[in-house]
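What TrEMBL records for 14-187 is domain 'Glucose-6-phosphate dehydrogenase NAD-binding'. Sequence annotations record features per position, and here TrEMBL assigns NADP(+) binding site to 51, 148. According to TrEMBL, the feature substrate binding site maps to 178, 182, 216, 235, 330. As annotated by TrEMBL, domain 'Glucose-6-phosphate dehydrogenase C-terminal' applies to 189-479. Summarising the annotation, TrEMBL assigns active site, proton acceptor to 240.
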Ligand code: BG6
C-alpha cells in the first residue's frame, strides 16, 4: 500500500506543560513519529514552555529521553532524532507572572500556523489564554489545544468555556478527547456511513441492545490523587464512553463537516434519558496481587469508583426501547475496548434451535487487535442434520491491510496534525462538553447524597457481581471479557 502522508503547512507549536507526564509520554513522541513519517515540515518548530528553568539543550535532552522510552525501537533512527531535536527549543514561562512572555512573542513566527497546546492543569487554562492574547502572541488564526479533564461538572465546564471564550473564538479551540483519534473510532463512522449494509438495520427494529466496554488492567497507582476526585464516571464515561455512544447512536450528518457532525452528537446527548440509581453499578477494586484501590488512592475512606456500569435509554425514534449498556473499569481481567451491536433474532425461525441465541452481532474492536467481526448463523458442517452455529466473519485491520499497510498511528498523531490542518471534526465543541456534564452531574450528585460505598470487586475479574445483574435482569449478558 502506498503511504498517503501529506505534509502539513509549517507551524510553531508551543507546548505548555512540556516537561509533564502527558507531554513526554504522548505528545512529543507523537510529534516525532509524524516527523519520521515526513508529515512535519523541516522548518516546523516545537517550543516547549514550562516553569522549570531549562535551556534548549536541557529540553532536547528531556525530549531525547522521552523518545527513548516511548517510541518503539524500530522507529528510533539516530539521524532523524537529531534532526527532530534541532526543531525543538524551550522557553521558561511563568504562567501567572510576566516572565518569558516577551521572549515567546519574539520566538513565534507570524507566517507560521501557531498552535498553543495546554498540557497543564485546567485551573490555568483561562490565565494562559488571556496572557497569549494580552501579550499579542495569539492572533486570528492561532489554535488552542486543551486537554481533559474539561471541568469536573457542568458549572466548572461552563466557567472554563467562558474563560477561553474571553480570548479565543470557538473555531480556534480544540478540546481533546483522545478516543476520537483512535483509528477504529473513526472507522465506526466509515462502517456506518460508507456502506449500504448496516445503516438500514441500525435502529430499534433490528437492534436488541448495544454494549460498550472499555476495560483496563492498569490501576490508578501514581495518579491516585487526581483519580480519587474524579472516579470512572468523570474520568471515562463523561468523555470517552459518551463519545463512543454518540458515534454509534447519531443520525448521519449531512456532510462530513466538523459542525454538522458535532450537531448530531449533541442531539444524542440531549436525548439521553436520566439514569435512575437502579441502572448504575459502581465498583472499587480490592487488594490482590497489586494494592487495593484505597491504597493506590492513599485514602482509606475513599468512596470513589474505579468501575462503573450503566444502562442508558435514548429517547428518539431510532433508539426507543434499545438499551445501551456501558461499562468501564481499572484492574480488570483484560485490556479490551469494544462496541457490540447486538441484533435481534429473526422474527420467525424455520429451524429447530438448540439452546442459545442465534442473533447476529457486530463487534467493533477498538483495542487491542483493532478490527471488527460480524457473527452470522450457519449450518454446522457435517451429516448431523440442520444444526445451526454462530461463527464470526472476522477482520483484523492489521491483517486486512497486509504487511505493507501503515502501522496504526497513535491517536495523538492524528489529532495534533488535525489541529495544524485546522480540522475540528475530531474535537469536542463547548456545548457538547456542557451537555455531557449536564447528563452526568445528577448521577454523581445522587451518589454523593447517599454516600454509599462502591461494591468491591476482585482484581483480574470482570467487575462487581451487581454489574452482571444489570444485564441478567433484562435477560441479557455482557460479552465475556475472556472471549
Ligand atoms: C485517559 C484516562 O483519558 O484514558 C485514563 O484518564 C485511562 O484513566 C486512559 O487509562 C485510557 O486511554 P487508552 O488510550 O490507554 O485506552
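Cβ coordinates come from backbone N, Cα and C, glycine included.
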One residue among the binding-site residues 216, 235 has the fewest other C-beta atoms within 10 A of its C-beta, namely 216
Please work out the number of neighbouring Cβ atoms within 10 Å of the Cβ of the residue listed as 'active site, proton acceptor', leaving out its own Cβ.
22
Give, as a single whole number between 0 and 100, the mean pLDDT over the domain 'Glucose-6-phosphate dehydrogenase C-terminal' (189-479).
92
Reported as an integer number of Å, what is the Cα distance between residue 216 (substrate binding site) and residue 240 (active site, proton acceptor)?
13
Please report the three-state DSSP label of residue 178 (substrate binding site).
helix
Among the binding-site residues 51, 182, 330, which ones place their C-alpha within 10 angstroms of the C-alpha of residue 240 (active site, proton acceptor)?
none
Measuring Cα to Cα across 178, 182, 216, 235, 330, which the record gives as the substrate binders, how far apart are the two most distant ones in Å?
20
With the Cβ under 6 Å from ligand 1 as the test, give me the qualifying entries from the binding-site residues 51, 182, 235.
235
Tell me the Cα distance separating residue 148 (NADP(+) binding site) from residue 330 (substrate binding site), rounded to the nearest angstrom.
19
Cα-Cα, whole number of Å: residue 178 (substrate binding site) versus residue 148 (NADP(+) binding site)?
9
Ranked by the number of other Cβ atoms within 10 Å of their own Cβ, which of the binding-site residues 148, 178, 330 ranks first?
330
What is the one among the binding-site residues 51, 182 whose Cβ has the most other Cβ atoms less than or equal to 10 Å away?
182
State the Cα to Cα distance, in Å, between residue 235 (substrate binding site) and residue 51 (NADP(+) binding site), rounded to an integer.
27
